[in-house]
Amino acid sequence: MKFLDEAKVYVRSGDGGNGCVAFRREKFIEFGGPNGGNGGRGGDVVIEAVDGLNTLIDYRYQQHFKAQKGENGMGKDRHGAGGKSIVLKVPVGTQIFDEDRETLIHDFTAVGERFVLAEGGNGGFGNAHFKSPTNRAPRHANPGQPGEERWIWLRMKLIADAGLVGLPNAGKSTFLSKVSAAKPKIADYPFTTLHPQLGVVNADGREFVLADIPGLIEGAHEGAGLGDRFLGHVERCRVLLHLVDATCEHAGKAYKTVRHELEAYGGDLTDKIEIVALNKIDAVDPDELKKQRDRLKRAAKKTPILISGATGEGVKEALRKLADVVGEQPVSSKAKNAVESAATEEPWAAPVPPQG
């Protein structure tokens with residue numbers, strides 16, 4: 001299943017049905033009076049957060065959604081049936097934005113949460129509604145009210161307890177594959193990870209969900225590399241694990257590069273609890289390791305954990321620190337179910353311009 005975290009869709013609720021002008025016609029009853037029924041109410045456009053989804057790919061191929069129109073009223077005081085509502089299913093963590101892409105309309109945070117995005121139009125009154133002592137035979141009825149229509153943006157942010165950040169090739173995917181059942185693509189070149197990955201981690205009996213996002217490079221907030229758009233998927237995390245490659249030229253500069261991109265992105269990412277780890281310690285000699293550790297300690301103003309995703313050294317300590325921050329709150333079932341789909345190697349699918 002391809003990963004798509006943003007989509008633009010058009011929605012329109014149903015128009016209300018028209019009221020009916022009709023009169024009672026029976027033998028020997030000369031003035032039967034009005035009996036035109038009311039029109040039915042138009043269907044709503046409803047968005048529902050469901051379990052088991054972790055992509056908006058369905059909205060890449062269909063962008064127009066219209067609810068059913070209410071039926072017209074009929075004679076003999078028969079009211080029109082209401083139009084059928086349409087329900088759009090989205091993953092938990094999806095946000096609805098107005099067409100300007102900035103105005104937040106709703107944020108889905110729980111399975112089963114529903115939001116009426118566009119209400120159907122009310123049905124028009126039939127002529128029986130207008131009968132009064134002074135108007136015994138009204139010959140007019142109301143048309144149904146039109147439904148609402150609008151363009152919206154759906155933006156999904158994965159729900160995870162902890163997030164992995166770092167430069168490309170910092171060893172994030174290797175770390176995730178070692179501590180969970182996730183199977184991300186791993187290779188010795190930058191940007192191996194093209195879309196976020198999720199894994200369920202068990203640290204001393206405490207489970208939490210860990211998210212790995214594509215690596216950041218200098219200028220990512222300006223669109224360099226894969227940009228910083230995937231940082232939205234760690235906005236909901238309670239803690240960040242910042243991995244720095246011990247084999248890079250300068251661990252301190254590598255750390256500051258990522259921190260600068262987090263600050264430029266915003267979203268309070270720099271205010272989150274951060275655990276710093278120097279990775280790939282098995283690939284450098286002791287003297288170089290000490291230099292890199294000291295550089296990273298000065299830049300981060302905290303002592304980094306020394307780990308190796310390949311050998312497993314220091315990994316348990318990092319997981320315990322993450323679990324201590326995450327706490328004992330249970331992992332959402334949505335995040336667990338997303339792991340299998342998130343581990344696929346399908347490329348990220350860019351949103352396509354809506355047709356029509």
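The backbone N, Cα and C atoms fix where each Cβ goes, and this holds for glycine too.
These features come from Swiss-Prot:
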DOMAIN    1-159  domain 'Obg'
DOMAIN    160-327  domain 'OBG-type G'
BINDING   166-173, 191-195, 212-215, 279-282, 308-310  GTP binding site
BINDING   S173, T193  Mg(2+) binding site
REGION    327-356  region 'Disordered'
Cβ contacts of S308 (GTP binding site) (under 8 Å, same chain, 6 or more positions away): N279, K280, I281, D282, A283, G314, V315
Binding-site residues: N169, S173 - member with fewest neighbouring CB atoms within 10 Å: N169
K280 (GTP binding site): tally of other CB atoms within 10 A of its CB: 23
Reduced DSSP assignment, G166 (GTP binding site): coil
P214 (GTP binding site) and S173 (Mg(2+) binding site), distance between Cα atoms, whole Å: 9
Mean of pLDDT values spanning the domain 'OBG-type G' (160-327): 80
